[in-house]
Structure formats: structure tokens, C-alpha cells
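Chemist: Below is the structure I would like to discuss, written out as C-alpha cells.
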């Protein structure tokens, strides 16, 4: 995990560098000496950052380098902390104190202290830099330590070699059909061909690549004379001829299966002793036969010129391979008109390149296609295939071995809880066929079961004689990738015969022909790079075609690159908890039917299974390990729980998982450096803890992982990081949801258990401290460098200490026992906070005025608390970007804060989460939240990007001036202020999200808008609560709207019809009543159904009365998720009709909440069974 350490170090140094450069610009606040010191520090950190950018895995293994890398972040943090103190905290004029005599000055000024501290930091920076030079960590090349360079003195690049390598790599990218060396040698040509193989920097890999081509069976048959000579210096022509003649004879005998005649070898040796004795027999051979000669270690052009005289061009397609470490020799051997291309890359500096004539890489020179296909006794010949046309194809077209394998799989292998995924995969193939698409992608992390899922579908289609395909091929990609070997493997799977036995000259061309002329289903498993796919696609894929190719990979980016469009990319996720336990029990029963484990409900055993992260491969391995145990199984399970990753990685019983963990380590190494600190950060949260997306992003911003750039805000960058972790499967989206691009913003996620356990096991851990620990233990902990504190569970007053002066993040979300008095103590001690969350701390009723001391604060989240009024000092927080505040509507028994923020006592303990909204029982997240009052001066907080929920009766006239807002939530809209509200939001050009709650008895206040009103055109999400029986018509003018939530007293048919043309992805309708209890998603015109709600992917319906929903055949063609909730009581009825007509190719899931009627469940299941995509039903 050294790469993760380097990634974190780079982020920390980058943060310190940014702070230093920013401080330098604020000259008015700095003494001249401090200016000079910061310039020096910034320059040194810039060099350190550059070093970390080139610190590869090989370098970090060096203990000296690793120690230095660990020291750099501590120093960077100290510099950043000092700069923040000087620039941002000491901003009050204190010149008068400097005029006092020394005897009257009680203590040094903060700025003076900081100047002294920066002097000390400069000395430390200089020492770190000298230490770097002392131990030769940074060499001139910037890529390897000097001690390593001295071991390989011949690896230096000259300008010509470097230019040549760049050209070779550019050519390889542009000309992706080059293939391997053997493929080049099979190209038909008349004249003598010369290929130069150049190893840049060393001989590593050169000999093996040439040897593989030299021993290729097809090339052995093609060339009657083959010889390999490693040149000596000076060149010895007699030794050269002796070696060539001997090899010509022995290789010919071996190829023909003839016993080598010892007497013939003796004769050759005798001729070698005679002057010129071997010239004539050698020339006879090369004049009369096609030859392949390999010349290794060619170092001078003189040697090449001498040898070239012995190799005549008889226009018979002979070849010469020249191996050299000098690019100049490689190019001169080819001649004036040559082209260089990279054949294989081993590292940034070491590659194998080939030089050859330009004409040999042209598209016009193609290998001859195979003119025959040998009949296979296990399948119909190609001539017979033509007679079948496109009719139903019997199973005997498929090789017997493949048919038997399919039967065996179908009979003996059953996937657990994967029915939904199987249906989805089948629908992806149907969608591809319908839309003329050819390539699908299936991706997921290693061990998640993606290959098993695809193989299940693959064998199922073979077993039931699927008429969509007449040929089936499965090929596992080997690494390093070789296109010719890949084609051979695919042909072998097609025919169940070796390529040589069928007389096929060019396997790649033959594969291309089969895919083009037939309806094939081909699975390509374990693709590791986009370059591999580019080679395969250029050589094998022809468009249009009736064949379907499924690519299986572990990376989302590769899957997106290969697939024809994003609609045919299938992500296989880990099993849900219930399915994981079911798989474990079935595997235990399979191993030992009498085992007591399969019926156990032991909590520790269940925790162990959940640690497997839903990965079938790990679950099965654990089941196989525990199944044979009888009395000791509980001890074994307990021991594994304590040392989960250690057991999996080191125990011989889990040797089958070694490739999985090898992949995990490689996965971490190759992920982008800017994501590595974010991966570190996840270790803060307990296993299986749900993490809100926004919470994580805002914390990353406070830590400095996501920063503003010229092109995007820090929050946008943080969103990109979050998506990156999702794509890498480091975090997993909660399994209950289907999301669109817009709905992802509200998602919650959990850590991928196996991945996070692996991080923790390899030393990337956070410190956890149990709340029950004695205060004496707490006092003994060193908090001087603590930057983040998160409390899960119960709060204790001694958690905050004056030793936490560097704390940036204080996250108390969901903590219990937090009091108003605790906040006062926090504000005094934690003046450097950038992130403060009191979300759902229900006993907090007011924020102290000392909140204004948190000048660095960027995020303040006090949502779902009892805070009703913001203190006046909040306006001092000039850096505050994110303010989320709301309180539930108070009841008679709740404490009601007055304007000053003091709380009036009540007879009963407050219950802040009690809501009087009739919708609260429908969706718990939509409790009726009341806006808070904001003070005068809020309009000066120009850094604010998100604010809500604000009560417009308090200071909306001032807050309306915050035109830079991206997200806004307001409550208390009425007839008295609706006009001003409409005018205000018209000026919010950047507004993307708007939430509005109307005041009671003011349901129609937004129906009429003032003259000239233009709704915010950039609005993407709009939530409107408290309507009567219709919605404002101007909603239809929101062209960029992607999410719409409407809460209405009565949801009429006219309202439903009025929404039919909205281009939203998410539509949520909350209604208290429905006319006759019916809701009809079917728009009629002149007796014909109209296409409507075409862009809706997620539809949510919640109601507190009887519910009868009908779906028309022309409605909701792109719906992926249907969520329905009803809490109307025991006498209500819930009914659905037309579910089978919904979104034939997209619908994935139907969720019904609030009904336990078995009759309803049966009816819905029958409708969904008739649906083409067989969506999943979940009922609560």
C-alpha cells in the first residue's frame, strides 16, 4: 500500500503549496521577511511535489525513500497550519499593542509568534531538502534513484533514442492492427523482408519475443531453412556459416520428423575446417529455399553489411530478423524508408520496438484468407451451414464437448439470488439485437461473480438451442496480450480442433470471417486494457454484423470504451446480505450436508459472512473452510473475524484467493493519485455504515482533497471523486435504488467490505476510541496533530480538548447526548474548524454567539435539530459555503425558541423528530421541516453556494441578494411574499436546486406570477410542498428540469395529464387524496393513447388514501424504477393494472410500501411475470 501513502503525501504537499502561494499574494498582511521565507518554502514544496509525481512503486520500496515520503506530509501540514493562522485568523489591526513598552506587553502578538514559527519551518524545510540530496533520492532523470541508475549504466537515452521511442509509441496507438512478430512474418510478400527489433535500454524481453515467433509452428512449416546466430565481436564469418548450415540441417530434420544423422553433422564440421568449405552448401540452401534468419546482438553497421552479402534476395518471401540495442543500427538495417512501432511496453523507459519498411504495415497488404474449413465430426461443415439459412438450428451444430459442458452446467450449477441479474443480462442482449448493437460490456470487481453470471447465460442459450445464434465462442484473455494467440484460442473454442489440424494459415483473419458470416455469441473474459480491445476490434469486428460480443472486465472505464453505447454496459454488484448468507449455507450443505453451520444463526458467523463484501468467490472459500469443522467451527469463525484479511491472505486454505488479492493490490496501485487520499479517508467510517454523498464530499473539501480550480468548484471536483470511487467499486451504492445521473447526488453508499478490510490490514487505518473508555485514558492520547474527529453514538463532554487546536473537521452527525453547553466549549477551543455537522443532534436548540469565531468554517450542517434561529454572529463567517438548517414543526410539548435563541421550558421532554405533516408516514425523509430565521447581514455572505431551509418571513428580502447560490430551500411562502419571491428567484441565474414549502392556507399563491417573471432557467431540481389540486403552469417552462417533487392535497387527472411532456428523469407525486382513489397514467387524444412521460426513469407515488394505479401502453417507456407508498389504514385498497406494459426494455424494479396484502402481491407478481424484462418486486 506504499502507493496510497505517496498519493496522500502528494495531496498534502499540494495543499501546502497552494496555501503558501496564496499567502505570498496577500502581501499587506505579511512582514517582508515572512514574504521571502514563504517564497522559499513554496519553491521547495514545488520540488517535493514534482518528486512525488514520479515516485513509482520500485522507488517507494526503498526504505530511505519511504521514510522521507512519510516526513514530507507532516512538514506540509505544519506549514499549512501556520499560514492559515497568519493570513486568515490574525486579521485584526493591533498596531497599538506594538507601541506599548515591553514591560507592559503581557504576551507576544499572534503575528509575531507566527513569524518566528515560519522561521523555524523554513529551517525544517531546508533540512528535509538537504536530507533528500544527502541520500540521493532525486536523480537527474527524475525517475529512479542514482543508486539504481548506476546498476544499469547502458540504459541512458540519447536524444535520437528518445525521439524514436516517442515515435514508436505514437505509431502503435495510431496503427492498432500491428499484432505480434509472428503475425508480421506471416504476411505474404515477394522480396526479402528485414525486421529490426530494438530493446530500449536493455535486452529484457527481446529474446523471448523473437524466440516465440521463431518457434511458431506455422512459421516452422513456412520456412524450410531457419537459423539463429548471436554475433561475436569481431565478426567471424566462418563461425557464422558453420552455425547456419548446422541449424538449417537440424531444424529441417526436426520439422519433418526425421532422425538427425550424426555423420552429416560430422561432415559439416569437417567442411568448416576447410577454407571456404561451407560457402557453397550455405548458398545452395538460401538460393533454393525460403529462409528465416535471426541475427542477435548486431552492434555495428559493418557487421550487417558483411552478413547481408551472404543473404540473397530470391523473391521467395524470406525474412531476416535483426536484434540490437541501438536504434540507429536498427533503422539503418531497414534502409531509408522505414517505420518504427512499439511492440511491447515493460515500463516508462523500456519497450520493445520494431523497424520495418513502411509498405509492410499498410492496410492493403493482408494475409491470405483460409480457403477451406476442415469438417469436424462433432459439427456441421461450413458448406452445410449455408443450406440452413436462418431457420432454427439444431444443437449438433455445436461441438459435442461444448454441448456436454452446457448440459453439465445447467444440471449441476445454480446461481444463488441472481435471477434479476440473469433477466437483465438477457434483456441487454435483446436490446443490442433490436438496436443493431454488437458489443456489450459486463464489469465488476474481481470475485464478484461476473464471469459465472455470463457463463450461466452462455450455457443456458447453448442448452436450449437459442435460435438467435448459430456459433458460440468463449476466450479468456492471456497476459501479456497477443492477438495471434487470442485468435487461436477463439478458433479452438469454435471448432474444438487445433488450428494446425484445420490448415488455417491466418487465425485472426479466420476469426474475422466467422464473426462476419455467422450469428455468433462470443464472450471475451478478463480484458485488462483499452489497448487490448482496440487491437481485437480492429482485427476481428466488422460492422454491421449479426454477431454479439460480450466483454468482461474489472474496470468501468474499459467497459465504457468497449461497449457500443452506455445502454449496454452491465455492472455486476456483490450479493446483498440475505443472498450472501443463503449462498454460504448452500455451499456448506454441498460440502457437508450434516454440518450444523448451515442452520446456525450465530451473530458472529453472520458478521463474518458480511465481511466478505458480497463476493461469491470469498463466501464460497470461507464456506469450504468452515464446513468440515464440527465442534471447533465457532472458534474458527471467531478467529477469522478478528484476523479476517490476515487469514485470507496468508492461510494455505485460502490459496484460491491469492489471485483476487493480487488484483486488489494492483487495483490500488493503478487508481489515480488524487483518489488515494479519498480511499484513505473511508477508513474513518465503521463497516456497513451508510455514508451520505454530500457528507463525504464536504469533508473532502475541508480536508483539502478537493479544491477550487479555474474550471470547476471544489464541490464539483468532490462529486467527481465520489463517482470515481463508485466506478472503482471502492464504495458501493446502497442496493435498493436505481439511479439516474441526477439522482446520484442524493445517494448514500457503503464501503466495499473486502476492499476496505484490505486497506485497514495493510496499515491504512484510523484510530477508533470507544465512548465508554475512562477519561484518564482519553487524556493520555496525543491530539496535537488531530485534524478530524467523528463521533458515532454517544457524546461525552470531555471529547473536546484544548490539545485539538488543529482540528478541521468535527462531525457529530447522529450523536446522542449533545447539549447546548457543549457547543460553547467547542467554539472556544476549535477556532480552525472548516466543517461542523450537528445533523440530527435533536437536543440542540441554539447556536452560541461564539460561532462567529470560526472564521475558517466552510460547512455548517444543523439540519433536523431544534435550532430555529441563526445567531447574528453567523454573518462573520465569510468563508461559509454550505449552510443546511431546518427544524421540525414544533408541537405544544416541544420547546419553542424565542427570537433571542433562548428556550422556553415545557412540561415534557422535546421530541424534535415528531412531525405533524400527513406525509411524514409515507416517506420518513420528507418530514415537514420548518425554515430557520436568518439575521441581518446574511446578504454579505457571498461565498454561500447552498442555503436552506430559510424562513422567508425573517430576512428573505436580504437573502434574495445571494445570486451566486446553487441550492436554495425556503419555507413560509404566502400570498404576502410570493410576488417578491418570484422576482427574487428570477435573478438567481446559477440556481440548480430549489425547494419551496408553502404556508398553510396559501396553496394557490404561486399560480399567478408578476409581469415579466422568468423562472430560473438553470434549475435542475424543484420540490414544491403544500399545493392544493394543481401546479403552477410555469413549471413547464423549466427546460433543464430533471427532478420534480410535488406535494398536493388532491392529485387530479388534469394534473397528471399536465405533466406528460415534462423532460424530467425523476418524478415524485405526493397526494393526500385521489378522486375515486384512481390514478391513471394514460393520456388519450381522439381515442388514441399518446406517448407521455417519455424521459421519466424513476417514478415515486405516495398517497394516504386508497390507490388504484393504471398504466397505459404508451406511457413511461424509459421507466427503470417504480416506487409506491400508501398508508391509508386497514380499510384501504391498493391495486395496479398495466404493469406488464411499462418500459419493456428498461424497468428493473418495483417497490411497494405500506401493504402486506397477499392478494396484491400475487397480482403484481403475475403482471411482472408477463413483463418482458421480468423486473424485481420488493414489498414492505
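Yeah, the Cβs are placed from backbone N, Cα and C, and that goes for glycine too.
Unlike curated entries, TrEMBL annotations are predicted automatically.
Annotation comment: TrEMBL describes 902-914 as compositional bias 'Low complexity'. Here TrEMBL flags 1155-1169 as compositional bias 'Basic and acidic residues'. Taken from TrEMBL, the feature compositional bias 'Basic residues' applies to 1170-1180. The domain 'Disease resistance N-terminal' annotation in TrEMBL covers 12-91. Summarising the annotation, TrEMBL assigns domain 'NB-ARC' to 178-354, 434-592. Look at TrEMBL and you will find 684-734 tagged as domain 'Disease resistance protein winged helix'. According to TrEMBL, the feature domain 'Disease resistance R13L4/SHOC-2-like LRR' maps to 786-888, 931-1167. The region 'Disordered' annotation in TrEMBL covers 886-918, 1155-1180.
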Chemist: Which residues of the chain, 6 or more past the ends of the region 'Disordered' (1155-1180), have a CB below 8 A from one of its CBs?
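Modeler: Apart from its flanks, the region 'Disordered' (1155-1180) reaches 419-420, 423-424, 427, 430, 736, 1126, 1134-1140, 1142-1149.
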Chemist: Between the domain 'NB-ARC' (434-592) and the stretches 178-354, 684-734, 786-888, work out which stretch tops the count of Cβ pairs under 8 Å.
Modeler: 178-354
Chemist: With helix taken as DSSP H, G or I, strand as E or B and everything else coil, how many residues of the domain 'Disease resistance protein winged helix' (684-734) land in each class?
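Modeler: Summed over the domain 'Disease resistance protein winged helix' (684-734), the classes give 26 helix, 5 strand, 20 coil.
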Chemist: Average the pLDDT scores across the domain 'Disease resistance protein winged helix' (684-734) and report the rounded value.
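Modeler: A mean pLDDT of 85 is what the predicted model shows over the domain 'Disease resistance protein winged helix' (684-734).
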Chemist: Could you tell me how many residues in the compositional bias 'Basic residues' (1170-1180) are helical, how many are strand and how many are coil under DSSP?
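Modeler: Helix/strand/coil tally for the compositional bias 'Basic residues' (1170-1180): 0 helix, 4 strand, 7 coil.
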Chemist: For the domain 'Disease resistance R13L4/SHOC-2-like LRR' (786-888), DSSP counts of helix, strand and coil?
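Modeler: The composition, in the requested order, is 23 helix, 26 strand, 54 coil.
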Chemist: Report the DSSP secondary-structure composition of the compositional bias 'Basic and acidic residues' (1155-1169) as helix, strand and coil residue counts.
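Modeler: Output for the compositional bias 'Basic and acidic residues' (1155-1169) reads 12 helix, 0 strand, 3 coil.
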